[in-house]
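Student: Take a look at the following structure, please.
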């Protein structure tokens, strides 16, 4: 029982981190048909800049804010310089965002040096506590809490605000939103910035969890996030939450019970979804 | 009577096929103009040129004397030309009310304060409900649009179009694909809009009897060309129209 809970919490925490990355990706794709392969780069930049601020100030909270600001700034620059010139052209999008991903990754090494950097959980979130027979690691619970909070806030924005309504409608049919006279480009820029900030938040949260950050982590997590977007249904926000948790749990349990399958399990999940439900598990586009 | 919308020799060709061929018409302000013609006559293509979905190969379009030929659909909507599509165009996974609210709020520029809860914009909510009343859909406000019957979707679409408060309404076959029982209700809605008298309506229609008592002006398109333009009486008496459209080529006008 103890083991089961630990694996589940481990999986949930990983799932939430992937969710932070995938939720932005799915809305960016759903809204403007943009495949953003540079998303993982923003995640890694969030981690490095956040840890840098964290080390500098000694405050994890300020570190998190630093990561979010980095995400917003990089997001607005990416949208403006990289994405805007290639709207509507998937091949060019793939090439330029993949290239930009490499640039972001290498720039990390230029700015922060080529070596991995260690990160510790902040004082209040270190260690664990015991609940019955189960030992709970505080930092993992913290990640799950933040993930749930981000989901709730974003869900509220999508469902209850005017911008949210435009985003949901835009995911269903952006041409029609434009034909209503709405400037969807501006909304897309907002979504892109928010998505980048969430990715950066995911990056800084991952740092103390894995204990070490390195430039290639962006690419590794971006692949998981793409798998989640496919499983959850492209453009489905709630789908990305459930798919991320599914992927996180599958990985955690497989790593323990069938270690040789732990890398393949997510690919197999995605393949199964593509074969039996190619539109994704949650295909209610724009239903939030 | 002022002309609000005018085309001069607009032409569009797809490859070798000329879908709209040098059509020059004047749409008078606050009048009801019908566009009729057999299938493939170029009616919807003509609409696409007016609303900006397509750019003409040659010719110009003027809105209140100003050329709009090069403007995007969004800009034309903002200027005052709203259109509906032959295929129903509503957001299926939004509720009926959300659909209309989206159209109501579209008149406002997108700004950051839009992150406030929508309930703080009571006027927009009320406006949306009022429009739903106008198209006889108020009782369905909280259903998902995808659960509406076809005729109800068309009504919702008209409500969204009304919400844009454009001076011109371009309606592309509002009764297309409707069952016979649904037609009277949508006609009632269109009658009501016309009776208010403050909008210019241009409507593509198939069913002759319907357009005759509504129209102030009728345009007849045939093979991409303007065959005739006049009052319903003129059109009925026009022999070219009768032979080309009402005659053997097109017998479906008894409906």
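Along the chain as shown, residues are numbered 1 onward.
Including glycine, each Cβ sits where the backbone N, Cα and C put it.
Per TrEMBL, the features are:
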TRANSMEM  A:12-30  transmembrane segment
TRANSMEM  A:60-82  transmembrane segment
TRANSMEM  A:94-112  transmembrane segment
TRANSMEM  A:139-158  transmembrane segment
TRANSMEM  A:186-209  transmembrane segment
TRANSMEM  A:221-249  transmembrane segment
TRANSMEM  A:256-276  transmembrane segment
Student: Under 8 angstroms for C-beta pairs, at least 3 of them, ignoring pairs fewer than 6 apart in sequence. Is the transmembrane segment (A:139-158) in contact with the transmembrane segment (A:186-209) by that rule?
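Tutor: The transmembrane segment (A:186-209) and the transmembrane segment (A:139-158): touching, yes.
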Student: Should anything in the same chain at least six residues away from the transmembrane segment (A:186-209) have a Cβ under 8 Å from its Cβ atoms, list it; otherwise answer none.
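Tutor: Apart from its flanks, the transmembrane segment (A:186-209) reaches 13, 17-21, 23-25, 27-28, 31-32, 39-40, 42-51, 54, 60, 63-64, 66-68, 70-72, 74-76, 78-80, 83, 119-122, 125, 139-140, 143, 146, 150, 163, 166-167, 170, 217-218, 221.
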Student: Tell me, please, if the transmembrane segment (A:221-249) and the transmembrane segment (A:60-82) are in contact, taking contact as 3+ Cβ pairs under 8 Å between residues separated by 6 or more positions?
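Tutor: These two stretches do not touch.
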Student: Would you kindly check A:12-30, A:94-112, A:256-276 and say which stretch has the most C-beta pairs under 8 angstroms to the transmembrane segment (A:60-82)?
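Tutor: Most contacts with the transmembrane segment (A:60-82): A:94-112.
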